[in-house]
Amino acid sequence: MVSSTSIPVVKALRSQVSDYGNYDIIVRHYNYTGKLNIGVEKDHGIKLTSVVFILICCLIILENIFVLLTIWKTKKFHRPMYYFIGNLALSDLLAGVAYTANLLLSGATTYKLTPAQWFLREGSMFVALSASVFSLLAIAIERYITMLKMKLHNGSNSSRSFLLISACWVISLILGGLPIMGWNCISSLSSCSTVLPLYHKHYILFCTTVFTLLLLSIVILYCRIYSLVRTRSRRLTFRKNISKASRSSEKSLALLKTVIIVLSVFIACWAPLFILLLLDVGCKAKTCDILYKAEYFLVLAVLNSGTNPIIYTLTNKEMRRAFIRIISCCKCPNGDSAGKFKRPIIPGMEFSRSKSDNSSHPQKDDGDNPETIMSSGNVNSSS
């Protein structure tokens, strides 16, 4: 027998399920936020801006497909760090696909969607973009750990890599699925977002806070990576001659430029959207006109998925060569096992070991044995 206390819960669940299939809810929420009139006046098929955005998304999809093909076809890239780069390419590819679908289902088509379909349309974007940002954080964590240990990760660390990658997707799915699981404003019209009329403002604030913390974490990790490299470079100046010290300083400056590019692009792509979402939380309905231009801010964040393959892949010399071979429809190299394997530590940086690292001699202090060399943004550790 169902208890009296559970009856309200059952009724609420039934009401929520019925609301998810109610077409009128979309119209009601868009009308409340002022987006309904905008849609009626301007939406006559696909807008020119939408066509441009779709073309950009197609380019993003293609370049990330080539990155995945490069990693898949090149055996020497079947290593933990490249799994992270492959995961980033996959999430960026899905971001391009999700935004293309979002654009095709926008405009007048929006009012033909049920709330459940609307949540899937927007939630897929949140999942893909969240996975992309979490992947950037995972890469920063992996490279920071690599710098701390000053040695290549062996196969035993594959489990940690897959654990981090799995965590990226699980957290992203949960984050993107919260609205359809109940954290929405269907029953509270006054709490609705203007940018996303079925999303609760508290959810928007929560997501903005999470992404801001991720951004700060990535900035801190890359600053720490540069600090570690700079510190080890200074140690060498006390043991090497003036010419080597000067050369080390120049290469450290090149590394700093690489870090600045990475962080500047990331902040430039995401900060405008963060600011817009904070305005959305603070503004009442129909009071902030800038909120009706949200697609320009969102496409800027999606553009980050187009810059990631350039920054995180093509700055690696070996990946760049393999990438060009894939594009040229040539066979990918099987990899020279006798050669040095280079692993990126930060974008545009590669990490390698000399053969003497495999000797039976015990490892000495950083200042005694491993010489940290920074050239053109590439970091190598050699004996």
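Quick reminder: no glycine exception, Cβ is built from N, Cα and C everywhere.
Under the heading N6-acetyllysine, Swiss-Prot lists LYS11.
The Cβ of ALA268 (sphing-4-enine 1-phosphate binding site) has 13 other Cβ atoms within 10 Å, all protein chains considered. The sphing-4-enine 1-phosphate binding site annotation in Swiss-Prot covers ARG121, GLU122, PHE266, ILE267, ALA268, CYS269, TRP270.
The region 'Disordered' feature in Swiss-Prot is assigned to 349-383.
The compositional bias 'Polar residues' annotation in Swiss-Prot covers 372-383.
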**Message:** Counting only residues 6+ away in sequence within the same chain, which have a CB under 8 Å from the CB of ILE267 (sphing-4-enine 1-phosphate binding site)?
**Reply:** LEU215, VAL219
